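Annotated in TrEMBL:
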COMPBIAS  1-18  compositional bias 'Acidic residues'
COMPBIAS  19-29  compositional bias 'Low complexity'
DOMAIN    94-269  domain 'Lipid desaturase'
REGION    1-34  region 'Disordered'
TRANSMEM  56-75  transmembrane segment
TRANSMEM  81-103  transmembrane segment
Amino acid sequence: MTTVDEYDANNTMPEDDPNGNTNAAPGPNRWGKSHAGAQELQKMYGEMRWKRRSEVFGISAAIGTFVVQGALLLSGILTDIWWHILVSLFLGALAADFISGLVHWAADTWGSVEGVIGKGFIRSFREHHVDPVAITRHDFIECNGDNFLVTVPFMMTALYLQLTGNEETMREWRPHTWFLFSLGIYVAMTNQIHKWSHTWTTLPRWVEFLQRTHIILPRWHHKKHHISPHACNYCITIGFMNYPLEVIRFWTILEFIITKITGSIPRSDDMKWAEKTIHSE
Ligand SMILES: [Zn+2]
Ligand SMILES: [Zn+2]
């Protein structure tokens with residue numbers, strides 16, 4: 001079996017080759033854990049004890065909510081119309097995919113690693129571009145804490161309404177509840193799905209099946225995002241929304257408008273981190 005270190009040394013993410021980012025210097029593993037920027041960013045995570053605690057809280061609270069919500073849905077499943085459930089699950093996945101794209105695009109394109117939001121949130125996006133396989137070394141908490149945490153407020157609100165609402169109304173709202181459940185699960189699992197899309201060895205067969213069928217983000221699909229300048233295919237939950245959004249050039253138009261209004265240059269901070277290796281190796 002390939003160990004993590006062997007994997008990093010010999011089989012660094014296949015999408016590394018075509019990148020040709022600003023680091024044109026020859027040599028193996030331009031990107032990866034030897035990258036000066038990646039090391040600095042990973043060190044920053046280790047120094048944030050509060051961040052780790054918030055991730056543990058997010059995962060515990062979200063799992064508790066999902067279990068209760070799932071039990072309520074399953075207990076009434078015989079009164080549901082099966083295709084209502086399927087449509088709701090699919091729409092929930094699409095909505096989560098779009099949200100993943102929006103958040104990913106915003107964090108990749110704007111801002112810096114300064115301040116609480118920068119250190120606590122944008123930092124991981126910068127790290128991911130200079131060391132794309134670092135995510136495969138992150139444990140479940142580091143990988144998924146943020147995503148589980150953001151589902152807590154809206155899933156708890158939904159659960160509260162469900163438990164305190166009128167029985168008749170709740171029955172009518174069940175397709176919406178299925179939608180919310182699917183949205184919540186997919187949002188929570190987005191970065192785990194993203195991690196799997198970077199794992200080229202040792203994936204369980206059922207995960208590969210889900211990737212092949214686009215029920216989760218396929219590996220070949222996400223590779224395109226990692227080609228410099230990391231400006232397409234931002235959706236990383238199921239990846240389905242990337243097709244229409246790329247056709248209408250959604251992100252490019254959004255960036256054009258924001259640059260016109262604010263004068264900010266897209267991905268300027270991301271490029272700054274990418275260039276670090278030139279001076280440090
Ligand atoms: Zn990215
Ligand atoms: Zn990625």
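Using N, Cα and C of the backbone, Cβ positions are placed for all residues, glycine too.
Model confidence over the domain 'Lipid desaturase' (94-269) stands at 93, taken as the mean pLDDT rounded to a whole number. Long-range neighbours of the transmembrane segment (56-75) within the same chain, counting only residues 6 or more positions beyond its ends whose Cβ lies under 8 Å from a Cβ of the stretch, are 140-141, 144-152, 155-156, 158-159, 162, 174, 177-178, 181, 184-185, 188.
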